[in-house]
Amino acid sequence: MVEPIALWNHGNTPKVRGFLAYFLAVSSVAIAAAFFFSDESQNHSLKNILSSSRRVWPKLELNWRSVVATIVGFLGSAFGTVGGVGGGGIFVPMLNLVVGFDTKSAAALSKCMIMGASMSSVWYNLQVTHPTKEAPILDYKLALLFQPMLMLGITIGVELSVIFPFWLITILIIVLFIGTSSRSFFKGIQMWKQETILKREIQEQEEQAKVCSVVIEADCQEPLLSQPELIQKTGLETFLSNLRWKGILILMLVWSSFLVLQILKNNSQVCSNFYWVVNFLQVPIAFSVFAWEAVTLWKESRARRMSGNWECICEASIEWTGMQIAFCAFCGLLGGTVGGLLGSGGGFILGPLLLELGVIPQVASATATFVMMFSSSLSVVEFYFLHRFPIPYALYLISVSVLAGFWGQCLVRKLVKFLGRASIIVFILSSVIFASAVTMGFVGTAQSIKMINNHEYMGFLDFCKR
């Protein structure tokens, strides 16, 4: 009998706690520095900053900028959706520096690209069987657990982006992305080693079977790749088996609730009583759905343990306790907050987190992309009503991302099957996050140096004066 590996047990305990301590310590120092720079005597600089924030929408035409945007957007969408991280950390600098959009419009168009790529990836994944067992490729239980907290976090991130200075956002994102990319990279190395051992054992068993004419049963450890004894299904049977209408309806209900509240908030006066009431109504909606799913997971996990059944109730290979549930809530909020600050779908946290929870790469990628589809589409609809992006450019970039999502999923899935190594998905995830850290670091450093040279205001901004 093999017990599930708890997130806070054994080797993961110091690593996860060390990562959280590293991020919180650096974040605290950076925020304290922002308070130091906050000075009421520099309000004239603040007014200049706000007045200089104007909308810049380049025309959609064939030139070197649009060609570069197409290539970078295609590759970023393809590999971003495979890793389950979206690629917003690459799209925003590209749209801002290369194409020439202002920062807010670039973030809105980045959401459009993430939405297009995630939708096509979800459609592709619905036609793919689970690699190891008879179950949906999408983990609806984990999606229901993380989606409401991710959407609430995105709201928090958007609000913080109004008051946080640009250099502080840059530091927080770089620190977080370097940490998550490093964790994912070492997780990929660990999986690569496990796959090498597993492939060697299978090869030895095949050789012994040829010699002794005896088929030796494979190790009971769950492999990362599909096994030949799984029942072959038609495309329609696979598609229907991957659908769970109850989970989809609940996710759509949460999505619709947040959309209505966001529209009401955006059509109200900033900092008015109605504005704050609508804003805080998102908290009970998110926590009620999260708490309902968390209690369900905890009860099912507890009932199975008491009966001596250590089979996991979802794809996560952990024991659902109060500590794990609180950790998932924190990471969901953190992922959404980063998405709101950056203009991404929150996958930069959710993708690595699912791997930490023991979800195999194929399911982690599909589930993270599924959740991002809801969060990014919510932002796109909201930005549409706010007229944050030009429709022609948005439609073009969405079409590029849709094609890239299909291409990326198809290519990498075939590559994983051919090489017999699912860890490739983890290395792609790590690479996209690291590339986002580099691009965001470059843009943020250049912008911060420019602000310092111009003696611009470097502290917190006034939330209600915008």
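Cβ atoms here come from the backbone N, Cα and C positions, even for glycine.
Computed from a predicted structure; not experimentally measured.
Checking the ranges 109-135, 325-351 against TrEMBL, the transmembrane segment annotation falls on 325-351. TrEMBL lists transmembrane segment for one of the ranges 141-163, 164-186, namely 164-186. The list of residues near the transmembrane segment (243-264) in space but at least 6 beyond its ends in sequence, with Cβ under 8 angstroms from a Cβ of it, reads 126, 136, 138, 140-141, 143-144, 147-148, 151, 155, 274, 278-279, 281-282, 285-286, 289, 374, 377-378, 381-382, 385. Between the transmembrane segment (363-386) and the transmembrane segment (62-86) there are 3 or more Cβ pairs closer than 8 Å, counting only residues 6 or more apart in sequence, so the two stretches are in contact. The stretch from 276-298, 325-351, 393-416, 422-443 with the most CB pairs below 8 A to the transmembrane segment (62-86) is 393-416. Packing against the transmembrane segment (393-416) from elsewhere in the chain are residues 57-58, 60, 69-70, 73-82, 109, 112-121, 123-125, 128, 225, 362, 422, 424-425, 428: each is 6 or more residues past its ends and has a CB under 8 Å from a CB in it.
Away from its own ends, the transmembrane segment (422-443) comes close to residues 76, 79-80, 82-85, 87-90, 92-94, 96-97, 131, 170, 173-174, 177-178, 180-182, 184-185, 187-189, 191-192, 195, 224-225, 342, 348, 351-352, 355, 360-362, 364-365, 412, 415-416 of its chain (Cβ-Cβ under 8 Å, at least six residues beyond either end).
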